[in-house]
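As given in TrEMBL:
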COILED    244-271  coiled coil
COILED    409-443  coiled coil
DOMAIN    10-114  domain 'Calponin-homology (CH)'
DOMAIN    123-229  domain 'Calponin-homology (CH)'
DOMAIN    725-760  domain 'EF-hand'
DOMAIN    766-801  domain 'EF-hand'
Amino acid sequence: ERELTFSLSSHSPATFTAWCNSHLRKAGTQIENIEEDFRDGLKLMLLLEVISGERLAKPERGKMRVHKISNVNKALDFIASKGVKLVSIGAEEIVDGNAKMTLGMIWTIILRFAIQDISVEETSAKEGLLLWCQRKTAPYKNVNIQNFHISWKDGLGFCALIHRHRPELIDYGKLRKDDPMTNLNTAFDVAEKYLDIPKMLDAEDIVGTARPDEKAIMTYVSSFYHAFSGAQKAETAANRICKVLAVNQENEQLMEDYEKLASDLLEWIRRTIPWLENRLPENTMQAMQQKLEDFRDYRRLHKPPKVQEKCQLEINFNTLQTKLRLSNRPAFMPSEGKMVSDINNAWGNLEGAEKGYEEWLLNEIRRLERLDHLAEKFRQKAAIHEAWTEGKEDMLQKRDYETASLSEIKALLKKHEAFESDLAAHQDRVEQIAAIAQELNELDYYDSPSVNARCQRICDQWDALGALTQKRSEALQRTEKLLETIDQLYLEFAKRAAPFNNWMEGAMEDLQDTFIVHTIEEIQGLSTAHEQFKATLPEADKERQAILGIHNEIAKIVQTYHVNMAGTNPYTTINPQEINAKWDKVRQLVPQRDQALIEEHARQQNNERLRRQFANQANIIGPWIQNKMEEIGRISIEMHGTLEDQLTHLRQYEKSIVNYKPKIDQLEGDHQLIQEALIFDNKHTNYTMEHIRVGWEQLLTTIARTINEIENQILTRDAKGISQDQLNEFRASFNHFDRDRSGTLGAEEFKACLISLGFDIANDAQGENEFSRIMSIVDPNRMGIVTFQAFIDFMSRETADTDTADQVMASFKVLAGDKNYILADELRRELPPDQAEYCIARMAPYTGPDGVPGALDYMSFSTALRPDSGPPAYLLRSPPHPLTAPSPHSCPTTLIFCMSGLIFLSPPPPPRPRPTCPASSPLLHTLSPLYLLPTQRSSSPGLQRGREKMFVFIFLLSLFFFSS
């Protein structure tokens, strides 16, 4: 029942009069004054008979008031029998000519018989009529229908409705928004002349009123709806084709996008791997550090976008495969070499080359650092040795002993002995030079040829010195018997001065020697050794004083005994001035060494601080990433709320993970400081930056894949019409048999899960064959495992279906006007331009005997669009139908699923093994609401036609939901 109120408008009487006459003229009469002509009730009853198609009670023909009231009551009773509750409207008011009550009654009749039956997407009558107007006028510029008053003032809305259905009646392109009078009169005249819609409105009243009467316009617009309702069938058929074509076009675009993205990513990997595999070393530390900086730029700037591209590529591939499965299309097979597995293999090769490249860079830097240190040490020792050997060969080749006196011979002999002592002391230096040169060769030093040449010269010279020394020693020994006098003091000076001088040279060399350390302990060891050296300086100073005392004693003897000396010690070239100078040099180098050790100690302390700073963060981030990975794993197998709730939770979870990125960046900064400081180890943590990077990338990829899996489950649920309770039952069953929480089921686990859901799989040959067939569906790659997505897809196919080729073919036949072919103009008229051209380009010419030029074969095209369409999921054995009451061996019945507003009608498929679903089965209870209709045809033609109409209505409604 409906309660109605009415407010009188100046436009309503004329509009309502015209509406009543449009129906009364079918009975050969009309009214002139709506307030007077309905007072006797006769024309009111006639109007109701015409618009309802039913016969009312026989009217009273008398002229008395009681007869008129009786006739009006019969009309009001008929209106009330149609579910309309009339408030404050009685027969007496109508008979008395009450204008407001009469117009309210007519508006009630209009609402009930002209507007109430209008319904679009389960809206109310008014909302449905408004939605119908909006959709029909959406393609037209300057038309924006939002209500039933001011949206129609410019007349373009009426013209658009006419042009949409009968474009030959109005040239819409010549209409102007600023000329509403012309627009309104054009629409009214054309509607009256060609559409048999009487002129219910006046253009001047509409333009001259700020807010036109809403009821009058609704009444007039409803006439257009009823006039054009015949075109609705063709539009629905066009929508079906548009939906199928849109799915195919979208899938083709996704395939092209995948191919391009995969090609670009593989090409980038192909270009990058040779660069990472290039192991050609550089000769200088600066060049290798530049390579390291280039590698950091690659890790920081170039690789992260490619990681995102790879993840997006996998997501797009999974989404495409899901859409193809949902539309019953064959799975997408990328071009050769562009499978996801190929990309993963190429990516693995890239990461392998990347890891080896970084290790090689660090090893090369260490090697060059070691080489620079060794090369500098080699040059210092070689320079000292060459300075010492300068002139030694000439000295050893002199034959001065032939003309010398006995004392001179003695002196020469002693001097030579001192030289031999000095030569032996230099043996260690020569061996060190040779050892350093050998190590430089083993480390592949770039300037090894010059090092080897210099080392060879030193060794050759050393051998020559040894031979010359031996030769002179033998000569002096032969002459020694002739010479007896020797200056003991000079000899003593020479013997003691030479080792001391050698010690000072060694001390200067050690004090000036460069050092390289990597830890606090190493620098502390050097400092300890240096302190021990400083502790020996007092004893060395005593030795120096003793040597200088010998020289002073020689001078005293010479002065005392007036010895005629040549002025120099015949046994050595070392003099007190040289000893003092070297001693002063040693004392000068000691504080410099102190300062160098202090600075290096500070540097090592800073390095230790960097190690601890990095370790503190890494020891927090590493376990955090591991915990997040474990939590995501738990979320992916647990059931908490609907899929949308899980998706929302995962996206919030993803947001919290992304918000953690600044800590990763901060750790990257600490890691860069460590690398710039050339720190190669860290005992305070087991985590390296590489571990953190790999864990972070895996975490982002895992959360993205988990979200994509939930989205695909939602897509499957919505497309297949699976309820949340079904999904929960499927997930619960899957998790119950997933003992190891791996997210997959083995073959035996999957078989047990199917049996728990009501599938009849016997332990015999037939049961094993049926289970093998099911495994070939859920595990096409024969991996021996079943993922949850494959499990959902299988259960979806067992409970739902999509559009078939026959349905698409029937839609094309509607557009073709029941012809076996269709013309290009018909496609362009009914379909959007891009999809019409898509069909024309792909349809084969029609070759049937009834064809005409330009005829296209829509039947083969429909079969190609849905190549694998066939009978839907499966039949259930139901209890006896309450209407037919068949025998206990009831025939199969067709299952109709009504879920989420989608309705699928399933004809019985060929017999095959199927799950048994007794009335108490959990699966049957989850498919609610569920209706079972007998599959045998009724003998009543009227009942059969009613079922066919019901099928068309339900099928069109399902198509509308898909297109929405």
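Any Cβ shown, glycine's included, is placed from N, Cα and C.
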The domain 'EF-hand' (725-760) [mean pLDDT, rounded to integer]: 80
Within the domain 'EF-hand' (766-801), residues counted as helix, strand or coil by DSSP: 23 helix, 3 strand, 10 coil
Residue distribution over DSSP helix, strand and coil in the domain 'Calponin-homology (CH)' (123-229): 66 helix, 0 strand, 41 coil
Counts by DSSP class (helix H/G/I, strand E/B, coil) across the domain 'EF-hand' (725-760): 23 helix, 3 strand, 10 coil
For the domain 'Calponin-homology (CH)' (10-114), the number of residues DSSP places in helix, strand and coil: 65 helix, 1 strand, 39 coil
